[in-house]
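What TrEMBL records for Gly30, Glu31, Asn32, Ala33, Gln34, Gly35, Lys36, Thr37 is ATP binding site. The domain 'RecF/RecN/SMC N-terminal' feature in TrEMBL is assigned to 3-353.
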Amino acid sequence: MRLNEIEVQHYRNYDGLTLDFPKTLNIFLGENAQGKTNLLESIYVLAMTRSHRTSNEKELVHWDSDSARISGVIEKKTGTVPLEIIISNKGRKTKVNHIEQKRLSSYIGQLNVILFAPEDLSLVKGSPQLRRKFIDMELGQVNPIYLYDLVQYQSVLKQRNQYLKQLAEKKQSDLVYLDILTEQLAEFGGKVLFARLEFIKKLEHWANLLHKKISHEKEELAIDYFSSIPLDKENFSLEEIQKQLLQSLLDSRKRELFKANTFLGPHRDDLIFNVNGQNVQTYGSQGQQRTTALSVKLAEIDLMYSETGEYPVLLLDDVMSELDNERQLHLLETIEGKVQTFLTTTSLDHLNNKLTVEPDIFYVHQGEIEREA
Ligand code: ATP
Ligand code: MG
């Protein structure tokens with residue numbers, strides 16, 4: 001898929017902007033603090049309705065304005081689709097084909113994006129929360145029902161934790177209501193777990209192929225889903241997972257009541273990356289950790305293609321300067337020609353002599369963008 005054009009109004013430091021993208025590779029060149037990341041962020045928001053940098057929507061709207069608007073035209077095998085999102089203090093309004101969408105899951109997935117920023121290189125080393133967010137974002141794009149189940153899960157989890165607190169404070173004593181919430185939690189949590197296990201299996205397949213290539217066939221990458229409940233990760237069905245989650249929650253009831261918290265379930269899980277059988281987070285060199293992060297990120301391109309029949313749009317924010325020469329070449333080789341890419345950089349030095357396709361170069365300066373003639 002491609003993003004053919006974008007229009008941005010009152011977004012961050014952009015007053016108004018219209019750009020079209022006939023080329024596959026689009027390079028945004030500019031000094032620091034000019035608006036390069038803001039532009040990539042606007043494409044990300046058009047796809048995901050949320051920013052990757054902040055959960056405070058107010059930040060996205062230009063300081064002198066009350067609302068921001070981003071619209072774009074997506075080209076897919078099935079035709080072109082206009083998308084639009086308006087962000088204001090009243091919330092977000094999304095439109096597909098000029099028709100307002102009430103459900104997040106009917107909007108997300110129209111435009112698939114993969115964003116790669118320097119902080120993604122810490123996917124391996126960073127906190128478990130970072131890896132859970134990674135799964136949720138990527139899986140949510142290829143499987144909108146996952147997003148729906150996740151939102152339900154989080155909402156029941158919140159209610160249940162509140163109720164556990166009320167029980168601990170003796171403001172409530174009805175354990176039947178806790179049973180109802182526990183069953184609901186196991187129902188949605190099981191769905192979330194099931195989708196994640198399937199996703200990780202596929203991700204592992206594609207990531208390992210890339211990792212082997214980057215490491216010159218010296219290293220194998222395995223990804224393990226670390227679950228807070230016992231699971232058979234080879235043979236699993238949705239019903240079995242839901243049953244297991246329910247049982248684990250019931251088994252830990254005493255501790256839950258004592259701690260007034262739910263400490264089992266997908267909100268506590270993690271990913272483990274193993275290179276040649278060793279945990280790369282603990283034992284890997286910095287280079288191995290970077291190769292792993294790069295392989296996992298790039299694997300999503302192939303995974304999305306195999307799931308949806310379309311390549312996603314790739315957003316590369318300042319990552320070239322963070323990679324060594326060989327990894328830069330691998331990155332460019334993976335994308336060139338087939339994946340529409342938006343790349344930001346402060347200098348073309350890292351790209352010289354490495355590109356095999358002719359890019360469009362855009363100069364970014366104080367919230368204005370000009371295409372190189
Ligand atoms: P770097 O190379 O350092 O990453 P960049 O070009 O990616 O720089 P951006 O993060 O895109 O920079 O833009 C940062 C600028 O945008 C900041 O200097 C800030 O003043 C401005 N900015 C951020 N949010 C808003 C907003 N809501 N309204 C107006 N300007 C904003
Ligand atoms: Mg930036």
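We number each residue from 1, going along the chain as drawn.
Cβ coordinates come from backbone N, Cα and C, glycine included.
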For Ala33 (ATP binding site), the number of other Cβ atoms found within 10 Å of its own Cβ: 10
Residues among the binding-site residues Asn32, Gln34, Lys36, Thr37 that border ligand 2 - Cβ under 6 angstroms, in sequence order: Lys36, Thr37
ATP site shell beyond Gly30, Glu31, Asn32, Ala33, Gln34, Gly35, Lys36, Thr37, criterion: Cβ within 8 Å of Cβ centroid: Asn38, Thr344, Thr346, Val364
Number of other Cβ atoms within 10 Å of the Cβ of Gly35 (ATP binding site) across all protein chains: 24
Three-class DSSP secondary structure - Gly30 (ATP binding site): coil
Cβ neighbour count (within 10 Å, all chains shown) around Asn32 (ATP binding site): 8
DSSP three-state assignment for Thr37 (ATP binding site): helix
Per-region confidence, the domain 'RecF/RecN/SMC N-terminal' (3-353) (mean pLDDT, whole number): 95
